[in-house]
Amino acid sequence: MSDGPIQPPKPAVVHEAHEVDTFHVPKAFHDKHPSGTHIKDIEEYKKLYEESIKSPDTFWARMARELLTFDKDFETTHHGSFENGDNAWFVEGRLNASFNCVDRHALKNPDKVAIIYEADEPNEGRKITYGELMREVSRVAWTLKERGVKKGDTVGIYLPMIPEAVIAFLACSRIGAVHSVVFAGFSSDSLRDRVLDASSKVIITSDEGKRGGKIIGTKKIVDEAMKQCPDVHTVLVYKRTGAEVPWTAGRDIWWHEEVEKYPNYLAPESVSSEDPLFLLYTSGSTGKPKGVMHTTAGYLLGAAMTGKYVFDIHDDDRYFCGGDVGWITGHTYVVYAPLLLGCATVVFESTPAYPNFSRYWDVIDKHDVTQFYVAPTALRLLKRAGDEHIHHKMHSLRILGSVGEPIAAEVWKWYFECVGKEEAHICDTYWQTETGSHVITPLGGITPTKPGSASLPFFGIEPAIIDPVSGEEIVGNDVEGVLAFKQPWPSMARTVWGAHKRYMDTYLNVYKGYYFTGDGAGRDHDGYYWIRGRVDDVVNVSGHRLSTAEIEAALLEHPSVAEAAVVGIADELTGQAVNAFVSLKEGKPTEQISKDLAMQVRKSIGPFAAPKAVFVVDDLPKTRSGKIMRRILRKILSGEEDSLGDTSTLSDPSVVDKIIETVHSARQK
């Protein structure tokens, strides 16, 4: 008897996993490896991973003692919980970040190269050894100390991508001060807000910066910000270009004049494992940037471990991360990870397109770079520029890393074939400012990879896929939902500076007992993770997180604007692009007003946050309670007018057709 018609198989939830091949580590990777990977194979990863989840204290204690040098050993590996927001690691231990990054290598081999400075102009770079680095860090640390900086004080850093930025980080940590770096593309308003929030009294900057053949007026921006920062008593200025810059006597001091006064060595200050190492401000969905606080031992361990196992860093490697020190990628993977492991790190001041599109490949060949780490935005730009720019051997490359957003399959393949010559292993890494270091990632030379997937969890990371409606964990494979983590790990941020409740509400109270990432994700049939992007009001432009609320607040500062709504939509080059909708208090929309509003955002936040398009509309789609329905704006911009869903809850459904008309006519121009 028939059981009725045969049901067609259910389509896969994580369909991308069935649209790509699985790539194994190329044989050429192993053939050219100087000594072999740190772990044998995927089976050893699974064994270590299981230990890290089932016996985390044993696992992390062993790793900490192996990779970090403590002045005083710890007894308690971990204390606290997600529920209470009081996680602490290696509790009784004492150490110094600067000693771990510099002295222990300098004492062994002072002539070993620590920093390869690749200046904006290709012929202007230089190399700094670990011995020289220890001397420079000590002298800047003396300078800070003599200007009254004490352990626990915050120091603001607003520097371009020059070796002195790395020296400034380490000089702060040498005396137990907390560095608070602000990306040197942020506006004076953004800098002011961060300096005030962190209570920094000393700022380190340069006369100017250089990037892509252009000049950045860093000192001018600092001066503008300082007008509203009365507590700042010292601005230490590094001479990068030698340009004439405004000068405030008594407050401003030249780096080159000041550091000469001090000895070549300052003993590092021993700090507690849980003492703050740095603050880094990141965009939050409420709009006000939050100072994410990382502590010393746990953060350093995350950096060292991921450097060792994800990037397969060995002693004589020359490692090149194209990130800026103003973001977490630069903190962890330009400064801390490579220096903790004693290899050479490239500090790259320029852009991938200056003086031409072969700049990255020139650098890789020139210095025999072994690991290269960059955002998909740069890769998309270079792929589009054409393969004629890649006439380089680049046989030294073992690892090609990707950071900031998922990498599209066709870009992944181009990276593997054209850049890596099918000899290097691609590591598409997922992590956040708040996680401190990689959390879902392949291990270099070990993990089979799927283009577009971040692969498998790093040691100690236990991911959970949560149903956003019920708040329950979804078990099994081929599922999707929001991504959370089930147990603490050493490099996670401990708090938001001066706002612990905000930290709890953003990360730990959303789903009790879990750390909430704010990202959607799928777990495929093999247990591999696919990151879907933000589920809160944050857009990801060129791998940088920007708060829509912060951009909206900048637009509302313009006297003509009544209301503003900002959404991110897919962009071929930058991943997402900022698009803004505004309604005016009065008057007719003009092309000039759109330009003025984009300029307003540039001034208020920085050029990278400027909207790609500004649409002036009569009204925004709002619910009867006044909530702006950004979902509708997103769908209109994506050409999905046919699937807007139920618009009957809007206070005035007719505004939708008018917005569609505005968008269409703007795009036809």
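Any Cβ shown, glycine's included, is placed from N, Cα and C.
Going through ARG502, ARG545 against Swiss-Prot, the one listed in the ATP site together with GLY404, GLU405, PRO406, ASP428, THR429, TYR430, TRP431, GLN432, THR433, ASP519, ARG534 turns out to be ARG545. The Cβ of SER542 (CoA binding site) lies under 8 Å from the Cβ of ALA375, THR377, GLY404, THR574, GLY575, PHE608, each of which sits 6+ residues away along the same chain.
Counting only same-chain residues at least 6 apart in sequence, those with a Cβ under 8 Å from the Cβ of THR329 (CoA binding site) are CYS321, GLY323, TYR373, ALA375, VAL403, GLY404, GLY543. In this structure the C-alpha atoms belonging to GLY213 (CoA binding site) and TRP431 (ATP binding site) are separated by 31 Å. DSSP assigns THR329 (CoA binding site) to a helix. Secondary structure from DSSP puts ARG602 (CoA binding site) in a helix. For the recorded site, ARG211 (CoA binding site), the DSSP three-state label reads strand.
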